[in-house]
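A.B. asks: Pulled these features from TrEMBL for this protein:
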TRANSMEM  149-165  transmembrane segment
TRANSMEM  171-195  transmembrane segment
TRANSMEM  216-236  transmembrane segment
TRANSMEM  242-259  transmembrane segment
TRANSMEM  271-288  transmembrane segment
TRANSMEM  294-318  transmembrane segment
TRANSMEM  339-359  transmembrane segment
TRANSMEM  365-387  transmembrane segment
TRANSMEM  399-418  transmembrane segment
Amino acid sequence: MIPITSPVERCCEIFYWTRSQIRPLATAAAAMWRNSRSFSSKLRSSSSSPNPSTTTSIFTFYHPIGVAQPCLRALYPYTSSLFSSLSLSASSSDPIRLGFLNSHGVRGFSSVADPSSLASSSVVSRAREAVDLSRHYGRCYWELSKARLSMLVVATSGTGFVLGSGSTVDLGGLCWTCAGTMMVAASANSLNQVFEIKNDAKMKRTHRRPLPSGRITIPHAATWATSVGLIGTAMLATKANILAAGLAASNLILYAFVYTPLKQIHPVNTWVGAIVGAIPPLLGWAAASGQISLNAMILPAALYFWQIPHFMALAYLCRDDYAAGGYKMYSLADATGQRTAAVALRNCLYLIPLGYLAYDWGITSGWFCLESSILTLAITATAFSFYRHCTMQKARRMFHASLLYLPVFMSGLLFHRLSDNEQTMKEDSSKRMLDDLVQEDKYTAEKIETEHSRGVAQGRRPPVAYASVAPFPFLPVPVYADS
């Protein structure tokens, strides 16, 4: 090689050598810059992780072994300052700090959260825990209260309140009565589950309840039941009247402390449970009117007679489960199911005259008498079908018919009920008809007495004297004036 001695040639040589050395370094630096930008954007897009304050991101930029390795070593002072300035300029909005792991690559350090983000995350986590806890206990209370059954009790109580209100319905009193009834019903159902925790654990349809599954403790459930029971009774006493509160408290005691233990002693528990179900509409009537009259017994009677076929069908469908739980149901001692079906059919027949009584006593119009008769004949037909063929299918059909009967019957009562004015007009009309009949009977009696006295004076006996002895022997023998 010919030595170069010219200063210009020396400068050119240095320039070309420098360009040959810097070009790989610049290429590597540009690649590193592009990679850092892409990873930074990815980290920003993934900032919605479950716990962003503790998220760490470690990434490494690999490079080919060879020329790029000394280039990265030479670039270390410049790239380190470059990435340090980038992390400082990112401030609190970009928690990622980039640096060098070693001479073979670059990694991002663990992100450091601000105190404000730590405080906000702790508040969010506490709020989330509170929501989860309230949701858990709310679900437990819902299941302890048997909310759907309790709402059915509230519906019957509200119907009784409307029927006992007359022309105008006090909406505020109706709401207070329904709320108090709901609390008392929830208390009774919760106490029922507290006392039957061992039995429920043995049955398939009840072993997932809060107490057998261990989702809530017995003292907690007992405290909940006692609290809502006392609050509901006090609400009825203050917002309605003492009679309604007394009916609610007596029903709670009858259900929790008489019906519940009786289920493990004797099959008569079904009839005691029917009495429990018949009290809520009477409670509503008493809350509205402050008294209990004969008209108030229509809906309680319907509920009492309705519950027998309803529970007989249920006990027949679930008799294996009831046997496993240790309950003494009527269907367990009836292998063929014939007696169970006969009891259900008999009580369906008892429902037939209720529509006529509601019309005759001035509670509803004549249309309800017709509709109630058709509805009762329909459920009686399903009971008769179950009586003829005691199968699971027939029992299930009767059970579904009983579920349909009650809301339709109560809706008909509310739709066709007569106001106080209409009832008064009907009573006045009946009274006038009765007075007319009395006057007519009085006139007829006077006429007969006149003819009788005339016949006696002429020595003749009336023809009715001979006719009343032979065809109707249960009638008293007539006494004649001349004998």
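Cβ coordinates are placed from backbone N, Cα and C, and glycine is handled just like the others.
So where do these features actually land, and what's packed around them?
C.D. replies: Distant neighbours of the transmembrane segment (294-318): 156, 159-160, 163-164, 205, 270-271, 273-275, 277-282, 285-286, 329-332, 337, 340-341, 343-345, 347-348, 350-351, 354, 357-358, 361-363, 379, 383, 386, 390, 392, 395-396, 398-399, 402-403, 405-406, 409-410, 413; these residues of the same chain sit at least 6 beyond its ends, with a Cβ under 8 Å from one of its Cβ atoms.
Long-range contacts of the transmembrane segment (365-387) within its own chain (CB-CB distance under 8 A, at least 6 residues past either end) are made by residues 309, 313, 337-338, 341-342, 344-345, 348-349, 351-352, 354-356, 358-359, 394-395, 397-398, 401-402, 405, 408-409, 412-413, 415-416, 418.
Sequence-distant contacts of the transmembrane segment (399-418), counting only residues of its own chain at least 6 positions beyond either end whose CB sits under 8 Å from a CB of the stretch, comprise 152, 155-156, 159, 162-163, 298-299, 302-303, 306, 309-310, 313-314, 317, 358, 362-365, 367-368, 371-372, 375-376, 378-379, 382, 426.
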A.B. asks: Should anything in the same chain at least six residues away from the transmembrane segment (149-165) have a Cβ under 8 Å from its Cβ atoms, list it; otherwise answer none.
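C.D. replies: Contacts of the transmembrane segment (149-165) (Cβ under 8 Å, skipping residues fewer than 6 from its ends): 173-174, 177-178, 181-182, 185-186, 189, 277, 280-289, 295-296, 299-300, 303, 363, 406-407, 410, 413-414, 417.
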A.B. asks: For the transmembrane segment (242-259), which stretch among 171-195, 216-236, 271-288 has the most Cβ pairs under 8 A?
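C.D. replies: The stretch with the most close Cβ contacts to the transmembrane segment (242-259) is 271-288.
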A.B. asks: Cβ under 8 Å, sequence separation of at least 6 from the ends of the transmembrane segment (171-195): give me the contacting residues as numbers and ranges.
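C.D. replies: Counting only partners 6 or more residues beyond its ends, the transmembrane segment (171-195) has Cβ contacts under 8 Å with 141, 144-147, 149-151, 153-154, 157-158, 161-162, 165, 209-211, 218, 221-222, 224-226, 228-229, 231-233, 235-236, 239-240, 244-245, 248-249, 251-252, 255-256, 260-261, 280, 283-284, 287-288.
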